[in-house]
Amino acid sequence: MKLLVIGSGGREHALVWKLAHSRRVSEIIVAPGNAGTATETKCRNAPVQVTDLDGLLALAQREAVNITVVGPEVPLVAGIVDCFRAAGMRIFGPTAAAAQLEGSKAYAKDFMARHGIPTARYAVHTNVDAAISDVRQQGAPIVIKADGLAAGKGVIVAMTVTEAEAAIRDMLSGNAFGHAGARVVIEEYLDGEEASFISMVDGTHALPMATSQDHKRVSDGDIGPNTGGMGAYSPAPIITDEIHARVMREIVNPTVAGMIADGTPFMGFLYAGLMIDVHGAPKVIEFNVRFGDPETQPVMMRLQSDLLDLIEAALNGDLDKVQAQWDPHPSLGVVMAARPYPEMPITGEVISGLDALPANVKVFHAGTALDVAGRVVTAGGRVLCVTALGSNVSEAQRHAYGGVASLHWANAFQRSDIGWRAIMREHTVR
């Protein structure tokens with residue numbers, strides 16, 4: 001079977017790596033891919049960008065692709081699934097209408113309010129003065145979100161009213177996020193611990209994937225600006241069996257049912273970013289309509305089932321007939337980034353050490369490319385995700401950072417504390 005995977009990040013490299021394990025997969029085309037997917041078994045890159053929907057469809061048709069899997073949110077929100085389905089091509093992901101769960105935070109908040117899905121109190125504004133008046137009335141801390149897609153960076157957790165006002169002006173007047181910031185969502189600040197809860201959905205049924213926890217802030221101790229994610233581990237210990245059941249009952253299943261009721265049934269990876277309070281009550285911080293990045297990398301390290309089998313079950317509406325099997329050992333991934341990410345990174349630097357990695361480490365490429373000499377060079381902000389399994393999170397962290405120590409380029413940096421919450425729990429249990 002020939003597959004097309006759309007995207008160029010660490011998430012796509014991890015999906016491709018896992019799909020290539022399937023005996024039924026003969027070849028995977030990755031568009032546009034990166035230096036890691038270019039050298040992965042059964043894989044080759046195609047130079048078609050994720051925003052070129054016509055080019056991607058033409059590629060899939062020319063190559064007689066059996067199934068297409070979409071990694072990033074941009075083509076999903078742009079309607080790539082609608083485009084492929086209209087041409088009779090099998091593709092796994094939500095339609096443009098269903099992808100509004102991520103494409104518009106205001107849409108997602110209204111959807112949750114309409115269907116009784118627990119989330120933070122909120123208000124939507126397009127006027128600067130009205131938004132600032134709202135913030136002054138509520139006080140800080142408070143959360144300011146750009147309505148549209150902003151590559152994971154359109155959320156400001158303002159600890160003061162002054163900071164909140166500046167964020168509002170940047171988004172609504174200063175064009176900080178372009179069209180994505182033409183409308184803002186102001187939310188109450190939620191206390192608790194975050195977790196990523198990702199499910200495969202076939203339109204009617206949801207199959208939960210392994211839980212995970214991301215590290216959004218750029219610096220150790222969870223300080224500094226938000227990023228697309230600086231590392232993740234799986235499973236998330238905060239999600240106990242009881243909380244897991246509650247998330248399915250109160251959030252995932254009502255979301256799937258609500259999308260059907262609204263006439264926009266959801267198929268694809270449904271990502272619920274959660275806040276779990278001290279009482280174990282989950283609330284939705286955000287919905288994404290695709291697998292998380294970097295959560296995909298440690299989650300795929302643990303998946304023992306054939307990913308192609310699961311995707312086919314979803315395409316056939318049969319997710320209620322399958323189960324996903326997981327390695328019981330935790331996994332952890334450390335993102336190595338290029339300074340001064342999340343600002344515009346320095347690119348084109350040669351990465352050394354990729355051929356001298358410990359055997360227990362898997363490196364998933366994100367912002368990488370091959371130069372004219374065939375060397376792997378940096379090509380983005382988040383460059384690599386160094387991932388490993390362990391008997392516990394402490395060991396997985398040790399293995400992953402052992403891999404990080406082998407890799408070098410001039411402007412590399414990474415957090416040194418990925419997994420700290422889980423490790424603190426492990427030490428407390430002892």
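Every residue gets a Cβ built from N, Cα and C, even glycine.
Per-residue confidence over the domain 'ATP-grasp' (109-316) averages 94 (mean pLDDT, predicted model). Taken from Swiss-Prot, the feature domain 'ATP-grasp' applies to 109-316, supported by sequence analysis.
Under a cutoff of 8 A between CB atoms, and with a sequence separation of 6+ in the same chain, the neighbours of MET159 (ATP binding site) are ALA140, PRO141. In the three-state DSSP classification, MET159 (ATP binding site) falls within coil. Annotation comment: Swiss-Prot describes 135-196 as ATP binding site.
Among the features that Swiss-Prot reports, Mg(2+) binding site is placed at GLU286, ASN288, with the record citing sequence analysis. The Cβ of GLU286 (Mg(2+) binding site) lies under 8 Å from the Cβ of GLU102, LYS105, ALA108, VAL155, ALA272, GLY273, each on the same chain and at least six residues away in sequence.
Residue pair ASP191 (ATP binding site) / ASN288 (Mg(2+) binding site) shows a Cα separation of 21 Å. Under the DSSP three-state reduction, ARG183 (ATP binding site) is assigned to coil, being neither helix nor strand. Note: VAL135 (ATP binding site) has non-local neighbours ILE142, ILE144, ALA158, VAL161, ALA164, GLU165, ILE168, ILE186, i.e. same-chain residues 6+ apart with C-beta under 8 A of its own C-beta.
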